[in-house]
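S.K.: Starting off with a structure, shown below.
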Amino acid sequence: MAAGMLTDREREAIVSNLTKDVQALREMVRSRESELVKLHREIHKLKSVLQQTTNNLNVTRNEKAKKKLYSLPEQCGEQESRNQNPHLCSSCGMVLPTSPEFALEALSLGPLSPLASTSSASPSGRTSADEVRPKAMPAAIKKQGVSAESCVQSMQQSYSIPIPKYEKDFSDKQQIKDAIMDNDFLKNIDASQVRELVDSMYSKSIAAGEFVIREGEVGAHLYVSAAGEFAVMQQGKVLDKMGAGKAFGELAILYNCTRTASIRVLSEAARVWVLDRRVFQQIMMCTGLQRIENSVNFLRSVPLLMNLSEELLAKIADVLELEFYAAGTYIIRQGTAGDSFFLISQGNVRVTQKLTPTSPEETELRTLSRGDYFGEQALINEDKRTANIIALSPGVECLTLDRDSFKRLIGDLCELKEKDYGDESRKLAMKQAQESCRDEPKEQLQQEFPDLKLTDLEVVSTLGIGGFGRVELVKAHHQDRVDIFALKCLKKRHIVDTKQEEHIFSERHIMLSSRSPFICRLYRTFRDEKYVYMLLEACMGGEIWTMLRDRGSFEDNAAQFIIGCVLQAFEYLHARGIIYRDLKPENLMLDERGYVKIVDFGFAKQIGTSSKTWTFCGTPEYVAPEIILNKGHDRAVDYWALGILIHELLNGTPPFSAPDPMQTYNLILKGIDMIAFPKHISRWAVQLIKRLCRDVPSERLGYQTGGIQDIKKHKWFLGFDWDGLASQLLIPPFVRPIAHPTDVRYFDRFPCDLNEPPDELSGWDADF
């Protein structure tokens, strides 16, 4: 029957059948997507198990842990089960990593029944052991932080230690420069710094068959191939070959890292150019400090700006852009509207003026040179230029600042002409906080639980593991009472080997002196021959990372609450001149009420209000561009990381992520505008993320004149109860029931550490 002959009832039947078919297909797609998600989770679990098993291959089956801390006594009904199964650890009752059950249990949804605890609910009504038993293993791998050696000593000596220079002819310099500009990461370095790097590279000859770098070894040098042929190898297999003029090993000039490939010489008379990491850091630091000092001195010479605080002058110096004008160029034309201010850094300009609008002749008024400025009235309002400014031969370099950038940093200058342009109340609060921290005697920082000894602590369970050590849940028996703490155990030898002593002391001082409900408390510290210990507040609600892993992502209201808690912590820290530098879900914990606390201050540092620091540290997916490029950084990096965290909470993954750290850094340097946001992330959330993750630090929300209040007032937070959060009267979006003080149901399971670290007796921790 022709389509036009169909009755209304027949058409409705056809439409109904088609609708059913579409619904069936949609259901099939949803089912397949669900299966795909499950498969991805199983893959993540398998990766986690393989990684954990690989890390424990060196553990011998018969080796026993020698603990300084005393284990929790066996519970009823467990001893018999452990004696019957040789694959259970005698100390903690967990499956040994060397046993076949370890891999099977980690892949299952829960513990295998033959290995499960047999204890039942106690008469007191506590939850049974099975109900509080932690999950088997993480289904995804946690992000790891990285750090170079502390730059504190280098900053103090940056001008006193000469930077090494090595003679080269023009072709050698050009070869190195071309290799740098051909590298995705190195090409982002400023031209003036590239010249310094080229001058500081030295030549090294390498025989045929020798390795320039070896896979698995820790590196500290950048190389540029100068002559010969080289093989790129992984696990003994040749992946590629390269000739002269290629840069490689660039990750090693940022921080201590393990080489992921080998470079072997194939030809005779091979030669490379070499740059040491310490020299790279010194160059970047010295040039950065010199640039800031010069710019601030320039700005201070301008009467309109002379009353600005050191902090604001440093901020303005950050947004100054270097522009070159060829000889004869009109930088400013008389009578045109202007919105930019200029400082001459190199060269000369001629100032001319037409005496009348109709006059064909320009009268020369004077010549301006290095250190002079013009166009400053444009910072106040739209200025009609009253003269011409013309670049003289051979050209002129100017530092420029536009009115919009200036207003974002300090507000309307018209309202501040007769007073200090700095934020007086904020500066006073920061000064008082810093003096309080600086003047506080060391004895006062360790007053809580002064009579508690390391031997008073009894290990209940492991809450987490990392490269530096473990975090244990412990009971403290003292003064006729029992308290519960988290004990962070850090291997002293590993700290010394990675040159992290300065970071550990900084973490100790900052945490002992911090008093905020949004920051995990550090009560006191201990030390022995093998470890330094931090006795911390136990946050038994578990990690935000674990919740994110299990849920996939958070809804807006939950993400807003988490970010709100982080902002409260940042407001406290930044007011005291402290930057955090390691924000990520792995470092956020829930207390028993469901409030979020920041933990792990290993990368935190007190730098004051107008200073910068140069140490590369953070988590690759979260580091800001200025950290990657060694430009010097301050609290603006925390606002960048806040934007990354919002994206990860709402989407389940950070916006910049790649299998290799250097690939991740290159993605970060391309910028947030290159990221395609998923449709389920709201428009206001996307806008906030983009305003936090600006390449230029001074353009980030939170770093401008309104401070953190600018973030709190953003439309993504519309209707959020900030007063309720600050007073902790706001009901959290997730409250996780905790049966008793040692209920570890919200933590993953971890095997015993059977490798006892060597003694470390250098004495660096004498004041710990």
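Note: Cβ is positioned from N, Cα and C throughout, glycine not excepted.
Quantities reported herein were computed from a predicted structural model and do not represent experimental measurements.
Swiss-Prot lists these features:
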type	residues	note
REGION	1-192	region 'Regulatory'
COMPBIAS	114-127	compositional bias 'Low complexity'
REGION	114-134	region 'Disordered'
BINDING	Gly249, Glu250, Leu251, Ala252, Arg259, Thr260	3',5'-cyclic GMP 1 binding site
BINDING	Arg366, Gly375, Glu376, Gln377, Ala378, Arg385, Thr386, Tyr421	3',5'-cyclic GMP 2 binding site
DOMAIN	457-717	domain 'Protein kinase'
BINDING	Leu463, Gly464, Ile465, Gly466, Gly467, Phe468, Gly469, Arg470, Val471, Lys488	ATP binding site
ACT_SITE	Asp582	active site, proton acceptor
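Thinking about packing and proximity, how do these listed features fit into the structure?
M.R.: In sequence order, Ile213, Arg214, Glu215, Gly216, Glu217, Val218, Gly219, Gly249, Ala252 constitute the residues six or more apart from Arg259 (3',5'-cyclic GMP 1 binding site) in its chain with CB-CB distances below 8 Å.
Proximity of Arg366 (3',5'-cyclic GMP 2 binding site) to non-local residues of its own chain (separation of 6 or more, Cβ distance below 8 Å) is seen for Val351, given in sequence order.
Here the domain 'Protein kinase' (457-717) returns a mean pLDDT of 95 for the predicted model.
DSSP assigns Val471 (ATP binding site) to a strand segment in the three-state reduction.
Note on Asp582 (active site, proton acceptor): other Cβ atoms within 10 Å of its Cβ, all shown chains, come to 23.
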S.K.: Rounded to a whole number, how many Å is the Cα of Glu250 (3',5'-cyclic GMP 1 binding site) away from the Cα of Arg385 (3',5'-cyclic GMP 2 binding site)?
M.R.: 48
S.K.: Give the sequence-ordered set of same-chain residues, not counting Gly249, Glu250, Leu251, Ala252, Arg259, Thr260, with Cβ within 8 Å of the centre of the Cβ atoms defining the 3',5'-cyclic GMP 1 site.
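M.R.: Other same-chain residues near the 3',5'-cyclic GMP 1 site: Ile213, Gly219, Leu222, Phe248, Cys257, Met662.
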S.K.: Reduced to three states, what secondary structure does DSSP give Arg366 (3',5'-cyclic GMP 2 binding site)?
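M.R.: Assignment for Arg366 (3',5'-cyclic GMP 2 binding site) reads strand.
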S.K.: Any same-chain residues 6+ apart from Val471 (ATP binding site) with CB under 8 Å of its CB? Would you list them in sequence order, or say none?
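M.R.: When sequence neighbours closer than 6 are ignored, Val471 (ATP binding site) has Thr462, Leu463, Gly464, Ile465, Ala486, Leu487, Lys488, Cys489, Leu536 within Cβ distance under 8 Å.
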S.K.: List nothing but the one residue from Thr260, Gln377, Thr386 whose Cβ has the fewest other Cβ atoms within 10 Å; the candidates are the binding-site residues.
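M.R.: Per-residue Cβ counts within 10 Å for the binding-site residues Thr260, Gln377, Thr386 bottom out at Thr386.
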S.K.: Using a 10 angstroms cut-off on Cβ to Cβ distances, just flag whichever of Leu251, Ala378, Ile465 is the loneliest among these binding-site residues.
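M.R.: Looking at the binding-site residues Leu251, Ala378, Ile465, the Cβ with the fewest others within 10 Å is that of Ile465.
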S.K.: Using Cα coordinates, what distance in whole Å links Gly469 (ATP binding site) and Asp582 (active site, proton acceptor)?
M.R.: 18
S.K.: Can you tell me whether DSSP puts Thr386 (3',5'-cyclic GMP 2 binding site) in helix, strand or coil?
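M.R.: Where Thr386 (3',5'-cyclic GMP 2 binding site) sits, the three-state DSSP reduction gives coil.
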S.K.: Tell me which of the binding-site residues Gly375, Gln377, Gly467 ends up closest to Leu251 (3',5'-cyclic GMP 1 binding site) in space, Cα to Cα.
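M.R.: Of all the candidates listed, Gly467 is nearest in space.
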S.K.: Among the recorded positions listed here (Thr260, Gly467, Asp582), which has the Cα closest to the Cα of Thr386 (3',5'-cyclic GMP 2 binding site)?
M.R.: Asp582
